[in-house]
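Chemist: The structure follows.
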């Protein structure tokens, strides 16, 4: 079926078409009605979504089956492990309830504007990050490649964390959790099991120390009583279990040691789950994410109800929400709020562009951005209540201040909470629920990271769309092999190195470049007009709001973040271990790799394209979008037809199953 002769819109009257929308004025040839699918495919952008027919060689890029498939995928991508194990700690250490003020403000300043910009960007062109920048601004094609690089690095170590979760999940299928007591294979002399200590105390006031029950008289004579009372040197069994049994953590990154085969098997399981979830494209992923995006909320609600009924829980909640407004004077608090928003919504990683590229042309991505932004912050706040109710209970049990048991990251997920569940009735059930929630949260984010990589490959090489399963399999195998070094005795040090450098200040710079390209080079107003073609005409305030944010406020805020990060930079540490200089150098190489890709590809384009032009004109030409830039013409024409805009084609017969719908 033939497309519309020209996009009809009352706001785009004859002669008023902005320069970036010249594709609207390109009519289809009169002879196009008799063209073959192959010739039509050559006549338009290769980003077009084609309906696959037997023997015609055209392969559908794919779309979400429904709007909620996209919304659930976006929610699963944005709400990840960081909402559960990082935000509560940040709130506690940066002013408690007062931290919500800079957190919400940063959501308004950089989170929502950047998220909406990337969703609209990807949806408009129906392309992933690698291909979209090649057409939008050829000089900065490397920006899209850099996004793929960041997503790839994060996916490697993120999947190892999922592997730990799977290992704990398997170990929850037991009548007694293995970290309830100080196991002989992995305990240290400071391992302190409250279960064993309580049993020891029943024996005529005996003293428990170093997994031994000492007679009270002997303990007093050997100064054991004082050592036993010193809670600062105690290790709960969950800590020794995680560090010595699961990780067998070495003395430093220079000592990688042996491969932890139990972790490797769980890593293989994680990549296998990823493969089967992504092997059929976004239509299969869209169904899986309904579960991975929604199930964590069910578990959070269950854990919240259980948490607030525990003795001492209110102590933790009060500690969490009590505002300390004097801390808002510190620039560090504002930086932490911005970093958490930025890394939670993940702009400039390529995932938002990728997920939106599978949307229908007229999907309201503005509404989606608002829903997910608000959902993200609400999830973070609610997760804080859940975690701190449990931490309050633990502080009450240990007779320690709340701030002494608060931890972040892996410490919270794999030490604090596993220790808490050992004190609950039916502890294996609570352990299973918690780690299954972490698994679904992690997989939801992992799907988007991997989809970003695979979409980039298939957009750059459309022929591979016929071999989606093989593309997914190849990416998963490479990801699995890359993660093996993180499964060694020194793997925790590698993971911390990648987490600190792989998606650090370089991502801020990438987001700034993206704002400059869309807000200044392309033009914020022209981009908003393109957005309105998808979501409908908006008010003048809408134009002003996003123009100001995309051009000024968001990039300025990101620049300040980069400056603060540079000023406050310190060599990496993990617990008491200080990373050697060469390890920090490797970290900086990871951080600089995406930026070097941008520079290298830009230089290559300048040296190989428009060589007959002077340098300044060459730069100017490469900053312009190519003739391939624009919406998916085939998809857009089909949607216009569905809106009852009649398109005549005398050769089209509904009953012919071999007809190509364009």
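The first residue you see is number 1, and the count goes up from there.
From the backbone N, Cα and C atoms, a Cβ is placed for every residue, glycine too.
According to TrEMBL, the feature compositional bias 'Polar residues' maps to 652-662. TrEMBL lists 182-191 with the feature disulfide bond. If you look up TrEMBL, you'll see 633-662 marked as region 'Disordered'. The transmembrane segment annotation in TrEMBL covers 68-87, 99-121, 142-170, 259-276, 288-305, 337-358, 370-395, 429-450, 470-495, 501-524, 545-567, 587-608.
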Chemist: Taking contact to mean 3 or more CB pairs closer than 8 A (sequence separation of 6 or more), are the transmembrane segment (99-121) and the transmembrane segment (259-276) in contact?
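Modeler: Contact between the transmembrane segment (99-121) and the transmembrane segment (259-276): absent.
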Chemist: Other than its own, how many Cβ atoms are within 10 Å of the Cβ belonging to residue 191 (disulfide bond)?
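Modeler: Step by step: centre on the Cβ of residue 191 (disulfide bond), count other Cβ atoms within 10 Å, giving 22.
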Chemist: Please check if the transmembrane segment (545-567) comes into contact with the transmembrane segment (587-608), where contact means 3 or more CB pairs closer than 8 Å and the residues in each pair are separated by 6 or more positions.
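Modeler: Contact criterion not met.
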Chemist: Cβ pairs under 8 Å with the transmembrane segment (68-87): which stretch of 259-276, 288-305, 587-608 has the most?
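Modeler: Going through each listed stretch, the top one turns out to be 288-305.
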Chemist: Secondary structure at residue 182 (disulfide bond) (DSSP, helix/strand/coil)?
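Modeler: Note: residue 182 (disulfide bond) is coil by DSSP, not helix or strand.
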Chemist: Should the transmembrane segment (370-395) and the transmembrane segment (259-276) be scored as in contact, given a threshold of at least 3 Cβ pairs under 8 Å and pairs 6 or more apart?
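Modeler: No, these stretches are not in contact.
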Chemist: When you scan the chain for residues with a C-beta under 8 Å from the transmembrane segment (587-608), skipping those not six or more beyond its ends, what do you find?
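Modeler: Tertiary neighbours of the transmembrane segment (587-608) are 138-143, 145-147, 149-150, 153, 497-498, 500-502, 504-507, 509-510, 513, 572, 579, 615, 618-619, 622.
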Chemist: Taking the Cβ of residue 182 (disulfide bond) as centre, how many other Cβ atoms lie within 10 Å?
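Modeler: Around the Cβ of residue 182 (disulfide bond), 23 other Cβ atoms lie within 10 Å.
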Chemist: If we skip the immediate neighbours and take only residues 6+ beyond the ends of the transmembrane segment (429-450), which ones have a Cβ under 8 Å from one of its Cβ atoms?
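Modeler: Tertiary neighbours of the transmembrane segment (429-450) are 73, 75-77, 79-81, 83-84, 151-152, 154-155, 158-159, 161-162, 165-166, 168-169, 172-173, 177, 270, 273-274, 277-278, 285, 288-289, 291-293, 295-296, 299-300, 302-303, 306, 349, 351, 354-355, 413, 417-418, 421, 472, 475-476, 479.
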Chemist: Taking 3+ C-beta pairs under 8 angstroms (sequence gap of 6 or more) as contact, is the transmembrane segment (501-524) in contact with the transmembrane segment (142-170)?
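Modeler: By the criterion, they touch.
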